[in-house]
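Below you'll find the structure, written out as structure tokens, and then a few comments.
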Amino acid sequence: MTQLSSNDVPSMGRRQFMNLLTFGTATGVALGALYPVANYFMPLRAGGGGGGTSAKDELGNPVTKTGWLATHQAGDRSLVQGLKGDPTYLIVNEGGEIGEFGLNAICTHLGCVVPWDSGANKFICPCHGSQYDTNGKVVRGPAPLSLALAHVDIEDDAVLVKQWSETDFRTNENPWWA
């Protein structure tokens with residue numbers, strides 16, 4: 001058996017450093033991979049005790065009631081970023097106030113964003129022609145289901161979008177999206 005010279009054997013300090021570097025790198029990668037999973041199950045909430053998500057405009061700024069009503073008239077249906085970042089329609093009712101519900105703008109057929117057609121007074125999907133009435137109820141397929149509902153609340157002038165889990169008032173059935 002041959003003996004290695006002391007120059008060929010790495011010092012304990014260098015070995016410990018390499019072990020620490022390897023462990024630190026592996027830990028960093030593992031924690032980085034777990035962050036999106038943890039964020040999915042425990043999403044960040046908007047300020048306030050209600051637990052809603054702050055509606056955001058096309059620039060990512062929080063929507064306020066006074067700012068929204070200053071630029072949107074009665075009957076308007078315009079997109080904001082709502083729950084889970086999905087495009088959501090805020091509805092200004094005929095009384096000039098923001099409605100108590102919003103509509104998720106994702107078509108229930110293939111997931112296209114459904115634009116509001118003010119001339120036809122309904123939502124018409126550009127992908128396959130599904131149509132939804134003013135409240136998001138499907139009136140013409142191939143979409144099988146109505147647009148998902150979301151609660152819209154005003155807290156200190158901030159517009160909050162919250163999960164809808166009650167009976168769907170359009171169909172009197174349990175919500176398919178909850």
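Glycine is treated like the rest: Cβ placed from N, Cα and C.
Long-range C-beta contacts of HIS128 ([2Fe-2S] cluster binding site), restricted to its own chain and to partners at least six residues apart, with a cutoff below 8 Å, comprise HIS109, LEU110, CYS112, PRO142, ALA143. Summarising the annotation, Swiss-Prot assigns [2Fe-2S] cluster binding site to CYS107, HIS109, CYS125, HIS128 and lists sequence analysis as the type of evidence.
Per Swiss-Prot, disulfide bond is recorded for CYS112-CYS127. Taken residue by residue with DSSP, CYS112 (disulfide bond) is part of neither helix nor strand, so it is coil.
Swiss-Prot lists 65-161 with the feature domain 'Rieske', giving sequence analysis as the kind of evidence.
Residues or ranges marked as transmembrane segment in Swiss-Prot: 20-42.
Non-local contacts of CYS125 ([2Fe-2S] cluster binding site) by the CB criterion (under 8 A, 6+ apart in sequence, same chain) comprise CYS107, HIS109, CYS112, VAL114, GLN131, ALA143. The most densely surrounded of the recorded positions CYS107, CYS112 is CYS107 (count of other Cβ atoms within 10 A of its Cβ).
Within 8 Å of the Cβ centroid of the [2Fe-2S] cluster site, not counting the listed residues CYS107, HIS109, CYS125, HIS128, the chain contributes THR108, LEU110, CYS112, VAL114, CYS127, GLY129, SER130, PRO142, ALA143.
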